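Each remark here refers to the structure printed beneath this line.
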Ligand SMILES: *Cc1c(COP(=O)(O)O)cnc(C)c1O
């Protein structure tokens, strides 16, 4: 309650309430289907009287739904879709998060009836499903230079946690259970710190050098016989490639530590360089960033984890392998790795996201993947060359971090929405003041990049007052995010009656 009360003194929260009235006045407000139509049609009615094969307490007597025509329904959902900004509305240059949504055919593949298999079916009856998983493990292994892959973790952060638990199990098995530190550069994604801590480790934060890369002297000082792992993103979140990566790997390995690769920035390396060849021992892939599937609002994603041979026995269970039944017609089976850390997700992970990743990789092939990363790097460099904001760290690859300087990066982001484009990731990494972390991805053409640059530059010239009042043109304006997160209103009725109190 206290959070809510504080937010009432916040002028921006005031603006949110005012906005609700404005939508209604301007006809921008879209009522619920049940508000649109008060008449009700009764659906069902076979429950409770033994008419359903389900137990009585699991069926309802009837379901009353508003009586609406098909066009009314279509308009409702079309209007809702137009009230938000999505990746199908325009460019979405969220740095590090890599938002892209093509090719769309991956959706067709995931929608094939044969993709919708029940997870409890016998292995013999789902050989095609297992083959797809086996081949995806293989694709990902080859892309990352890793020997073994698990498809189970449902997100990048979950993959990090699995990777850290696998590293812990390995050290334990080697009689090195005393290792209790994981080193994370200060430019890393917040999930790296969280995964290491959740995995039971003390987190040692590593400062960057003046160029924005790993400071080798600081690394030397941080490494010890207590080091379990160093987690690195490469290119790092500034888009900079760690040129000393081989030396870094050697330093970590010399003290008996493992090198973890955060794969969220794999879009820069696809088909060109492999974490395994750089000396990494374990990595996760954010398949929802690098391959198909847009993400947001909490999902869906998948964060497969790849490891070198030494770590393979510790991967989560089950994995898929060829069962060697017959040479001419290989079969596939699930198996538990020898020293597995156990299960980390129901069944096989976020299956349909994995199907889309498989379809994407198979469609693009080696050349297509290498072409995607080349264009991602080209697009980032072209866009950066067109914007007025300073980009302090170079040479970057698939993303760059500009500084909003005297402006507030969050206000810049809100204002960019008024120019019809999605803003970049803001305020992170903290090495760059008022960071605008921008990743156009390979999917945008020159016209779109020019439009994005024009939006950046228009906002760069605006005063604080204009920025603080933004966005003017979106359906919702300044959202009271703290209250939304801490005391979410999950029912429309609750919102209405609370509104009455005010
Ligand atoms: C997105 C991201 C993560 C976390 O991945 P999720 O799939 O969102 O859990 C980790 N590291 C970096 C650098 C990222 O951009």
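Keep in mind that glycine also has a Cβ here, set from the backbone N, Cα and C atoms.
Per TrEMBL, the range carrying the annotation region 'Disordered' out of 421-461, 462-502 is 462-502. Secondary structure of the domain 'Glycine dehydrogenase C-terminal' (372-468) per DSSP, as helix, strand and coil residue counts: 45 helix, 12 strand, 40 coil. Taken residue by residue, the domain 'Aminotransferase class V' (168-296) breaks down under DSSP into 46 helix, 29 strand, 54 coil. Broken down by DSSP into helix, strand and coil, the compositional bias 'Basic and acidic residues' (470-480) contains 0 helix, 0 strand, 11 coil.
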